[in-house]
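Below you'll find the structure, written out as C-alpha cells, and then a few comments.
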Amino acid sequence: MNPAGQICYFISSKLRNKRAPSRQRCLVQRKSVDVHSETGSPCKQPTLDLFCLYSAIATIPKMLAVRRALRLCQRVAHVSVSRRGCAGAVALDDIVNGLTEEQIQLRQTVQRFCQEKLAPYADEIDKTNEFPRMRDFWKEMGELGLLGVTAPVEYGGTGLGYLDHVIVMEEISRVSAAIALSYGAHSNLCVNQMVRHANQKQKEKYMPKLMTGEYVGALAMSEPNSGSDVVSMKLTAKKQGDHYMLNGNKFWITNGPDADVLIVYAKTDPEAAARGITAFIVEKGMPGFSTAQKLDKLGMRGSNTCELIFEDCKVPEENILGPLNKGVYVLMSGLDLERLVLSAGPVGIMQAVLDNAIPYLHVREAFGQKIGHFQLMQGKMADMYTRLNSCRQYLYNVARACDKGHFSAKDCAGVILYCAENATQVALDGIQCLGGNGYINDYPMGRFLRDAKLYEIGAGTSEVRRMVIGRAFNALFK
C-alpha cells in the first residue's frame, strides 16, 4: 500500500468502520511527478504531505473533522500533478491568509488540477467562446468533490465551509475566470439554493447528479427588462391541474445553453408584487422550454450565456422550490452567500494579473536594467499587491464569519463591491506594466480586464451594492 493509501486506511480506522460513500473512497493512487514550485524552480512534489495530515489528525478531537480530513485526503490522492505546475506564479503566503493545513492542501489540490485540466485551454476558450470539453471537466470536478463544497455529504457533497468554497472559486478564477463563473452558477447559485430549500424528494432526485457533474446547474432570475429590479419580472406561472404553465423569457443566464437543471423564478400571483413570486425547478427538455442563441459577450467568453424561452412550459407542481409565492424569500435568503462566493472570482483574477505581471517586470529590460527596478514600476507592484491582499483578507474574514453563522448583508455586498472594482483597476495596472505587450492578445492581460468588468455588473451592479450598504446603515437610525 502506498503512502496515500496508508493514510486513508489510518483515518478510516478512526471512523470505527463507518465507511464514506463509495464515490469518495481511494480507488486509484498515482505516483508523484516533478513539478515546478510556486517560485518556478523544479521540485519533487509528493502526492500527499503525510506530516501535515498526521499533524492535523493529532489535533482533531471530533469525528466530523476526521471525516473532513479523510475526504480531503482521498481527493488529493486522486490528482495527478501537471508538469506545467505554477511556473512564474507569485507565491501566496497562506500563513498570513490564516488558512489551516487542510485549506492549504485544498488550495494546492485545486491549483494543480486546474493547471493540468484547464490552463492549457484557457486562451482558446476566450478566443473561440467555446469550451468543447466542458462536460468532461465538470465530471472531473465532480470526482474531486468540487461541485458541492458546501453541500451535505449524504447527497454527494463535501460538507465543508464557505471559506473552502471561496478558495476553490478563487483558484479556478486564477486560471479561467469564465469557467469559474460557470462553476459559481452551478455550485453556488443552483446547488446552494437546492441545499437550502429543496424538499427531501427533490434533493434525492437532483443533488447526486449535480454533485457528480452529470448535470449542469443554473439559476434564472434576470429578464430583458428586469435585472436588479426582481419584482418587475414578467415571466408568469399559471396553475392548471397538477402543473404550472410558464410563459415569458429570461435573459443573461449563465450556463443557460448547457444546463440540465435550472432554478427559475416566475410570478404565480402577478397582482401581489413581491409576495407573488415562486421558484421552480425546470429540467432541460420539458415541453415548451427552449434556449435562444448564445450571447457574444465582451468577457467571460466560454461561460455560456443565453436567453431562455418559455412557451406554455409545463412544470409539475412538485417542482416548486420552497413555499408557493415565497420565491423572493428563497432568492434573497441565499443572495448574501452568492455574493460572497462570487467575490472570489475577482480575487482570482487579481492573482492571475500578478502571476503574469510580476515575472514580466523582472525579465523585460529597458535602459540597461529590469523594468521592475524602476521606482514607478515598484509602485505599480506595491499597489497591485496591496489591492489584492486587502480584498482577499476582507473576503476570507467575511467567509469565516458566515461559517460561524454570522451573515452580514452589508459585508457580503461590500466584499463583492470592493473586490470587483479593485480587480478592474489591478487589470488596468497589469496592462500598463506590460506596455505594448499588455495591449495585444498574445498576452492574457486583456482577457483579465474584460473578465473583471463583469463583476461590477453581474450579481447586482456596483450601484445596487452601494444601496444595500447605505440602507443597512440607514436602518440603524430608524
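If you go along the chain as it appears here, the first residue is 1 and each next one adds 1.
The backbone N, Cα and C atoms fix where each Cβ goes, glycine too.
Remember, predicted model here, so these are calculated numbers, not experimental data.
Features reported for this protein in TrEMBL:
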type: ACT_SITE; residues: E338; note: active site, proton acceptor
type: BINDING; residues: 219-228, 252-254, R364, Q375, 432-436, 461-463; note: FAD binding site
type: BINDING; residues: S228, Y329, D336, L337, E338, R339, A459, G460; note: substrate binding site
type: DOMAIN; residues: 100-214; note: domain 'Acyl-CoA dehydrogenase/oxidase N-terminal'
type: DOMAIN; residues: 218-313; note: domain 'Acyl-CoA oxidase/dehydrogenase middle'
type: DOMAIN; residues: 325-472; note: domain 'Acyl-CoA dehydrogenase/oxidase C-terminal'
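Once Cβ contacts within 10 Å are tallied over all protein chains shown, the binding-site residues G435, G460 are led by G460. The Cβ of L337 has fewer other Cβ atoms within 10 Å than any other of the binding-site residues L337, A459. Y329 (substrate binding site) and Q432 (FAD binding site) have their C-alpha atoms 44 Å apart, to the nearest angstrom. Neighbour list (S222 (FAD binding site), Cβ cut-off 8 Å, at least 6 residues apart, same chain): K250, F251, W252, I253. If you take every residue in the domain 'Acyl-CoA dehydrogenase/oxidase C-terminal' (325-472) and average the pLDDT, you get 96.
The DSSP secondary structure for L337 (substrate binding site) is helix. Other Cβ atoms within 10 Å of the Cβ of Q432 (FAD binding site), summed over all protein chains shown, number 15. Here the CA atom of A459 (substrate binding site) lies 16 Å from the CA atom of N225 (FAD binding site).
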